[in-house]
């Protein structure tokens with residue numbers, strides 16, 4: 001005997017092959033059993049025959065398994081149809097899990113074949129303990145099993161053992177009730193599907209045919225032994241199909257075909273024909289038929305109308321949903337409209353305030369022009385934007401000017417530094433890439449550019465080649481600000497300032513200045529002092545000894561920017577204020593107000609005659625302050641976002657902002673009229689306030705007739 005089952009099986013014995021139907025002799029063959037739970041009429045009970053089947057115990061003893069009794073090509077019919085095989089099925093056609101003939105055989109990943117239900121309900125293969133996973137149907141085995149011959153189910157009856165195990169009710173419902181006094185034989189108990197007892201044997205008085213398993217349904221539909229009911233009266237005793245015709249000839253319960261219209265006739269075949277001759281409904285049958293047809297048409301029409309109504313209701317529901325959605329969208333648009341209107345109103349009010357502020361400043365400037373001072377302003381005095389550098393993909397946070405080569409460097413949130421030509425082409429010459437974070441600070445010392453970033457590093461660049469020459473891990477936190485002086489570089493970060501000696505392209509850490517309690521956002525080196533801004537404190541350090549020599553306390557929030565003039569120390573704060581101290585006495589002399597946002601940057605333009613401070617703010621404006629009288633002389637609204645950085649060079653002001661642009665502005669030209677060589681000759685000189693040197697000299701000798 002073979003110990004395992006695989007996809008290859010021996011063919012069924014030749015005796016099981018042949019025609020689809022064949023009559024079974026009285027000494028018929030091996031049986032396999034299954035319970036039957038269908039609702040068909042049971043076959044008429046007949047005496048049992050002791051020699052009607054061959055026991056399968058020998059098969060079980062050979063294969064060490066009990067053959068499962070059923071096989072069905074339709075899974076929904078499993079466990080419901082009795083199967084009595086005409087000959088013993090081959091052991092190779094049996095599942096090793098349920099020990100029965102394969103039902104819906106499938107090949108698993110281990111290469112063995114099992115019933116689909118067994119493979120899905122079991123975890124391991126009984127042969128090699130591999131995990132069971134269904135791969136494909138075993139069509140070859142299914143075809144072999146389909147060729148096996150079985151007895152027609154109307155030629156089988158339940159054995160006494162199965163009837164007793166099922167309590168009598170299940171067997172009676174499955175295969176009918178045996179006739180009283182029928183003989184019985186002892187049959188061994190057979191394991192059946194799902195553990196339900198359901199052994200069957202051949203009924204000698206039932207259908208004598210054996211059929212192929214694949215042709216079972218075709219035969220049983222037309223089997224003469226199929227139980228039927230009398231179509232005239234359900235109370236008539238059960239019948240076989242072959243007896244139905246004879247019964248109908250003798251049946252006493254034949255109804256008039258017009259009984260549905262109210263005819264009460266019931267009789268046999270002879271009286272039925274006589275009745276039709278006198279039935280009052282017979283003469284109206286054409287009319288009644290037409291009425292039925294009309295009624296049927298009306299029912300169809302009504303059904304169609306019901307479908308139309310259902311369709312219209314569904315469309316109405318969809319339209320209601322769309323209407324609700326449109327209402328929501330309309331409400332949302334109204335909300336957006338209200339929000340936009342409110343925003344426009346606020347912008348209009350802000351514009352009016354700015355216009356009023358500009359008018360006030362213009363009035364003030366005009367008043368000063370009319371004070372009788374020698375000389376007058378040129379009509380182009382108002383500071384104007386001359387151009388915009390566009391190229392960064394994020395906010396610009398720092399600016400630095402290399403005056404020797406007329407180059408402007410700008411650092412941005414896009415992690416790059418752009419090099420702009422401010423003299424000839426006014427274009428970006430190169431984009432320097434190397435940082436992994438926002439570029440927050442720029443500083444120039446000699447021919448070297450130093451950049452500090454949120455990636456905590458300082459990169460050294462050669463300005464002549466515009467190439468990176470060194471990278472230093474400077475701090476544990478972002479490098480916020482840089483400044484150089486006395487061949488040293490100062491870098492500010494969180495609670496610390498580091499001092500670096502500049503040795504070629506290297507930076508050697510010289511000292512770390514401590515005692516700072518917040519971010520160092522501002523550093524300025526002027527003459528022999530370093531000014532640092534941290535929280536609400538400005539510390540003044542001696543550059544030579546690197547000791548703190550003075551501390552200035554501020555109010556109005558953290559210090560964000562510092563500028564130093566010849567006479568004053570100026571700082572911008574988080575809360576919109578600009579504080580001014582006397583540089584000699586260290587006494588605070590003024591607090592400048594006007595900005596409505598954090599003052600991010602300060603820049604100074606000094607001439608022998610005057611000093612002006614430019615301030616950049618979160619409120620998108622730049623203000624020009626005269627340090628002679630501490631008043632704002634002009635407000636510049638040039639950017640679409642917060643102004644974050646300032647730089648000055650050769651009378652030009654550069655401003656960087658969150659709108660990713662850098663704008664260039666030319667300072668005003670002052671026209672002074674002074675005597676030039678005689679009482680009636682004058683010289684018109686244009687002065688640039690940033691340098692105090694005359695530009696574009698125009699010498700004109702004008703002759704006037706003396707006034708008598």
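Including glycine, each Cβ sits where the backbone N, Cα and C put it.
What TrEMBL records for 25-34 is compositional bias 'Low complexity'. According to TrEMBL, the feature domain 'RING-type' maps to 95-129. Positions annotated as repeat 'WD' by TrEMBL: 389-421, 432-471, 592-635. Per TrEMBL, zinc finger is recorded for 219-289.
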Confidence summary for the repeat 'WD' (389-421), mean pLDDT rounded: 92
Positions whose Cβ lies under 8 angstroms from the repeat 'WD' (592-635), at least six residues beyond its ends: 354, 357-358, 361, 364-365, 382-383, 557, 560-568, 570-580, 641-648, 651, 653, 655, 657, 667, 689-692
Helix, strand and coil totals (DSSP H, G, I; E, B; other) for the repeat 'WD' (432-471): 0 helix, 26 strand, 14 coil
Secondary structure content, the repeat 'WD' (389-421) (per DSSP, counts of residues): 3 helix, 21 strand, 9 coil
